[in-house]
Amino acid sequence: MSDVENASLPPAIFIMGPTASGKTALAMTLREYLPVELISVDSALIYKDMDIGTAKPSADELARAPHRLIDILDPTESYSAADFRRDALREMADITAAGRIPLLVGGTMLYFKALLEGLSPLPPADAAVRQRIEEQAKEIGWEAMHRQLSEIDPTAAIRIHPNDPQRLSRALEVFFISGNTLTELTKTSGDALPYQVHQFAIAPAMRELLHQRIEQRFHQMLAAGFETEARALFARHDLHTDMPSIRCVGYRQMWSYLSGEIDYDEMVYRGVCATRQLAKRQMTWLRGWDDVCWLDSENPTEALDKVIQVVSA
């Protein structure tokens, strides 16, 4: 698309970044300066009754700056990138029709990619192939399956954690069905996003600062009642670690603790480590992202001014 054609499209703003980088705070402050409406781009915030462990904005914050696509599903339900794209496009159209600017904020980079580039023509799921993969995983473990993916599709293996059997299984399944890797197929995108998108990524300049923030926030969640929240979910007896909701960082480790597999201190240690690993994967995505303006989360005023300057130009 030419610059002239792009300039004629309605504007949209992406605020992306790793967990605990200050994305939400920036987005909420921007609402005071620009005619924006917020859309959450977070695969954990979609779930009801999962508030503390997902660092969901508080009721007061949501009253001040409402977020769309938060609290839309029960934790038993799944939600794909295709589901997100459909819902986000609907919300963006609604916001644009009201004469305001969609501001999409979050850290689920797969959702941003699906929205920006469209969905790729991936083969449908094949139950027989998936069963063979799961049977092999039971024999050799998901770590070994991840090494297998590293040989087949190293790019996908970097982005998919060995402890994410759903995405790992899907990447292998795509290859076994089509003979093409997930990375190859996702280069063939569908419909591009019909908006002039201003893309920003926010993170501390030093990785150590992000690690400190992550550890501090995990302890704040625990102090705020994360264990009580997780116990209520655990007591439902209809949730388990094969579900995307319970695989969210923090909840998976809390589940192991509540199941008696690990003690409290180990749960805290693993929870912090898993969150740091998530942030590392998010940063890997962002470093390969095109046309993104980087913001320093340690200078929030400067970050705010930069976004306003770019969007208002």
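Cβ coordinates are placed from backbone N, Cα and C, and glycine is handled just like the others.
DSSP assigns Ser21 (ATP binding site) to coil in the three-state reduction, placing it in neither a helix nor a strand. According to Swiss-Prot, the feature ATP binding site maps to Gly17, Pro18, Thr19, Ala20, Ser21, Gly22, Lys23, Thr24.
Positions annotated as substrate binding site by Swiss-Prot: Thr19, Ala20, Ser21, Gly22, Lys23, Thr24. When Cβ atoms from all protein chains are considered, those within 10 Å of Ser21 (ATP binding site) total 25, not counting its own.
Counting residues of the region 'Interaction with substrate tRNA' (42-45) by DSSP class, helix then strand then coil, yields 0 helix, 0 strand, 4 coil. The feature region 'Interaction with substrate tRNA' is assigned by Swiss-Prot to 42-45 (among others).
The site 'Interaction with substrate tRNA' annotation in Swiss-Prot covers Thr108 (among others), and the record cites sequence analysis as its basis. Taking a C-beta cut-off of under 8 angstroms and a sequence separation of 6 or more, Thr108 (site 'Interaction with substrate tRNA') has the following same-chain neighbours: Val41, Asp42, Ser43, Phe84. Mapped onto three states, the DSSP output places Thr108 (site 'Interaction with substrate tRNA') in coil.
Secondary structure at Arg130 (site 'Interaction with substrate tRNA'), taken from DSSP and collapsed to helix, strand or coil, is helix. For Arg130 (site 'Interaction with substrate tRNA'), applying a Cβ distance below 8 Å and a minimum sequence separation of six or more within one chain yields Ser169, Glu173. Residues annotated as site 'Interaction with substrate tRNA' in Swiss-Prot: Arg130 (among others).
Positions annotated as region 'Interaction with substrate tRNA' by Swiss-Prot, on the basis of sequence analysis: 166-170 (among others). Shown for the region 'Interaction with substrate tRNA' (166-170): DSSP residue counts in helix, strand and coil, namely 5 helix, 0 strand, 0 coil.
Annotation source Swiss-Prot lists region 'Interaction with substrate tRNA' at 247-252 (among others). Residues 19, 43-44, 47, 50, 53-54, 163-164, 166, 218, 221, 226, 230, 233, 241, 271, 274-275, 277-278 of the same chain lie 6 or more positions beyond the ends of the region 'Interaction with substrate tRNA' (247-252) yet place their CB under 8 Å from a CB of it.
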## Note on the structure
Summed over the region 'Interaction with substrate tRNA' (247-252), the DSSP helix, strand and coil counts are 2 helix, 0 strand, 4 coil
### Summary
Between the binding-site residues Gly17, Pro18, Gly22, the one whose Cβ has the fewest other Cβ atoms within 10 Å is Gly22
### Task
Run through the Cβ atoms and count how many others sit within 10 Å of the one on Lys23 (ATP binding site).
24
